[in-house]
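Each remark here refers to the structure printed beneath this line.
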Amino acid sequence: MASVGAVKLFFCFVLWLSNVLSSCQGRENFYEYQYPFIRRASSFSSSSSFSSSSGGDNVYDYIIVGGGTAGCPLAATLSQNFSVLLLERGGVPFSNSNVSFLQNFHIALADISPTSASQFFISTDGVLNARARVLGGGTCINAGFYTRANARFIKRMGWDAKLVNESYPWVEKQIVHRPKLAPLQRAVRDSLLDIGVSPFNGFTYDHIYGTKIGGTIFDRFGRRHTAAELLSSGNPRKLTVLIHASVQKIVFDTTGKQPKAVGVIFKDEDGNQHQAVLINKAKSEIILSCGAIGTPQMLLLSGIGPKADLKKLNIPVVLDNKFVGKGMADNPMNTIFVPSNRPLEQSLIQTVGITKKGVYIEASSGFGQSNESIHCHHGIVSAEIGQLSTIPPKQRTPEAIQEYIKNKRNLPHEAFKGGFILEKIASPLSTGELNLINTNVDDNPSVTFNYFKHPYDLQRCVDGIRMATKIAQSEHVTNFTRCNKETVDKILNMSVQASVNLIPRHTNDTKSMEQFCKDTVITIWHYHGGCHVGKVVNPEYKVLGVDRLRIVDGSTFSESPGTNPQATVMMMGRYMAVKILRERLGRAAGI
């Protein structure tokens, strides 16, 4: 009987394994059935020339460069009435487990392979950062928190509040969820209220002063839902999405009064070059949605930017505009380590405290150092504390890298069993710039953010760190973590030792809050700017000085909306597409 039972058990195991393997195999290409308009770039048949744009299979009413947070809802909506080509340099997120599951959040960021959904870059400030390289953009690699912008931001942008309030729900109904609150998130919520970040506003998408629980793009099973899923609302007969399509530059007709965008040149996954052409209609457009790094980079590569800088790289000047790439900003973040004597459930941002000074307090748990992140060699990139570490560029010697790897390997797993209080600054007054290093679109440009250059930003960081340490010391947190209340000095020392980056430490790190802020600054990927309204684009986001070229993404922002920008960037894609359709078609748009 035992042998029969063993045979049955083995047979069941084989059946289970075959089902798992077959389902995994099917999942690789399942998107071809749900999204039949998504194809590899190599399948594209180029138009014969940019002059033959009167009609045909491969000319389009709209060519959107960048299938990210704004590009996907923009393409889906425009395709209701017009032919749209969406070009994305990365692959699809659907079969990528590092993208799809909350538990792998930090692994996706630590993946520095050429095919990773995350392309890391290091600002000249010495802080390591990331930009998306996947259909769905930043919604595929971020912490998932979903919250709207406040009314002041909407008014400052000059947006139609009624259309804004129609566009947010369009996104929310498709991919946004209410989180199941993790235990540490509850403790932080109660601590925020105790220290005066009140009132408690409950669960809401709205940006309101006080403490609240926000939305998330992770469902109750921990699966991520991205902007790429918004493409399912598109018209499959009018929408074409090409993945692994790396746009090299925009092509202009310069024979008229001012340059006119006529198409783009892109390379496919095999390195072969193609050209996509706009149909010859006055209101047809190329729309850049490459994000705050990619969009100013694309303008510069296409000949729009400071004349002297373009000439240094032998880029033919289409339009001299000294403001392209200027005014870059990133919301600086610092973290306070919360030790725990009990295992913590993995959670990303769920609770947030919103203060009137523009200091936001959030929390994460369960994404500390693990045995895998200690022993897995990622070079200078690490998955510590749910963030990435770096060596300042001028000190990035082979010896420094090896010392970093050694130190990481020697860190005990127990030292990182805990959570983190995240403190970040809204609307930083410190700004920097973006410049090309070369003419290769696959290489990162040089980016400077000048964190804490303005004293007001630094003062707000100090205020935020004081709040964060009070939370770490609170009875709600210490009772939950089963740890003793520690002094401020010890809390800051633990946080410094967590190696959030390898910016050189100073002896007064834990004596001077200002120095602590400067030395432990990291990013939460809310960078923006580089193509500001009134300097690079007009209020309708049309690029100044050229025809048929528009920008729809966060590069046009002078501040990052809400506590986390993804909700507003997705909304912006939908909003601008509806606005464009209504301007062209009126009531016939049917939106």
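In case you wondered, yes, glycine gets a Cβ from its N, Cα and C as well.
Per TrEMBL, Cys461 makes its disulfide bond with Cys517 among Cys517, Cys531. A 10 Å cutoff on Cβ-Cβ distances gives Cys517 (disulfide bond) a total of 24 other Cβ atoms nearby, all chains included. Glu88 (FAD binding site) and Cys461 (disulfide bond) have their C-alpha atoms 37 Å apart, to the nearest angstrom. Listed in sequence order, the residues of the same chain lying 6 or more apart from Val134 (FAD binding site) and placing their CB within less than 8 Å of its CB are Glu88, Gly90, Gly91, Val92, Pro93, Asn96, Val99, Ala117, Cys140, Ile141.
Fewest Cβ neighbours within 10 Å among the recorded positions Glu88, Cys461, Trp525, Gly554, Gln566: that distinction goes to Trp525. When the C-alpha distances from Cys517 (disulfide bond) to the binding-site residues Trp525, Gly554, Gln566 are tabulated, the minimum falls on Trp525. Over the domain 'Glucose-methanol-choline oxidoreductase N-terminal' (291-305) the predicted model carries a mean pLDDT of 98.
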